Amino acid sequence: METTRAVVFTNIIIAVSSLFIVGSVSGGGSLFFNFYGNSCPAVEFVVRNAVTSSSSSDPSIPGKLLRLLFHDCFVEGCDASLMLRGNNTELSDPANRSIGGLSVIDLAKRDLEMLCPQTVSCADIIALAARDAVTITGGPMIPIPTGRRDGVVSVVSNVRPNIVDTSFTMDQMINLFSTKGLSLIDLLVLSGAHTIGAAHCSSIQSRFQETSNGKFTLIDKTLDSNYANDLIQQCPTGVSPSVTVNNDPETSLVFDNQYYRNLMNNKGLFPSDSALLIDGRTRKLVEDLANDQQLFFQSWGQSFLKLTSIGVKTGDEGQIRRFCGATN
């Protein structure tokens, strides 16, 4: 029965996702494999080198690069709008102030501008860097098409209506993902990004209540009590806003299917994680992914292609920025 469900799940993913390998989701034109084959053949090497060297000195970089991709693509599409600095840009929103990995993108962009001036977009660098972040932490190597161009619009008011809050219900997440051309299966699979990375203590405080003696107590009964106690130890009342806790308490630096095994043990860090196990629409699929890492990797490849194609700008749209932090 488990094998049958896994095969059916894989076939559904392939059927739904195959349309988006070279096209774009929610607008934009087409992307192409080896887009820079003639104009900048070293692009993937340069980006991978920036990711690898940065991650060797800071192991938190891969998780930050994945988060950067999600927050960029869900607002204005995958166009590096999140990279634009300035007043009232997307980076001004509290949800984005803790975004990391920007320096890695800037490093790769600097090197590429020396090799291939005004040729490679920041949007493509972000997508390739996130792909490489998965690979160097043990996940699958996914060939992705390129040809994205950089956007020129970055407005703080566009952020909150377009990103998932950690307290979202399943219906809220499904509705938001559907506006991006992503399915329920994509939602479940892409949530597996939480197998690496970390979150600030403030993002989980809704699961606890402060008692009269100034201690936290668990009020969210969907969370394993022992895991909850561990979290309280790491994130006590009055903890510094800079303190973080690993998304995955078991293998936080490895891209694997441990995230789904954690869910099965009621150890999802966020309420939005726990919702995937509780909801009847996704519980069996969580079980499949928890039991089969190869299935997760195959599924990740398909959903990641769709994620990196959301609302892309191609052809004459947008521009190729000289610096990722500012329009030309």
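Placement of Cβ uses the backbone N, Cα and C atoms for every residue, glycine included.
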### Task
Kindly point out the range from 12-36, 112-136 that TrEMBL annotates with transmembrane segment.
12-36
### Query
Which of Cys78, Cys235 is the other half of the disulfide bond that TrEMBL records for Cys201?
Cys235
### Check: same-chain CB within 8 A of Ca(2+) 1 site center, minus Asp72, Val75, Gly77, Asp79, Ser81, Glu90
His71, Cys73, Phe74, Glu76, Cys78, Ala80, Leu82, Gly151, Ser154, Gly311
### Task
List only the single closest residue to Cys78 (disulfide bond), chosen from the recorded positions His71, Glu90, Cys116, Cys201, Cys235 by CA-CA distance.
His71
### Task
Could you pull the average pLDDT for the domain 'Plant heme peroxidase family profile' (30-328)?
96
### Message
I'm trying to understand the geometry here, so how far is the Cα atom of Asp72 (Ca(2+) 1 binding site) from the Cα atom of Cys116 (disulfide bond), in Å to the nearest whole number?
### Response
24
### Task
List the residues of the same chain that sit at least 6 positions away from Cys73 (disulfide bond) in sequence and have their Cβ under 8 Å from its Cβ, in sequence order, or write 'none'.
Lys180, Leu307, Thr308, Ile310, Gly311
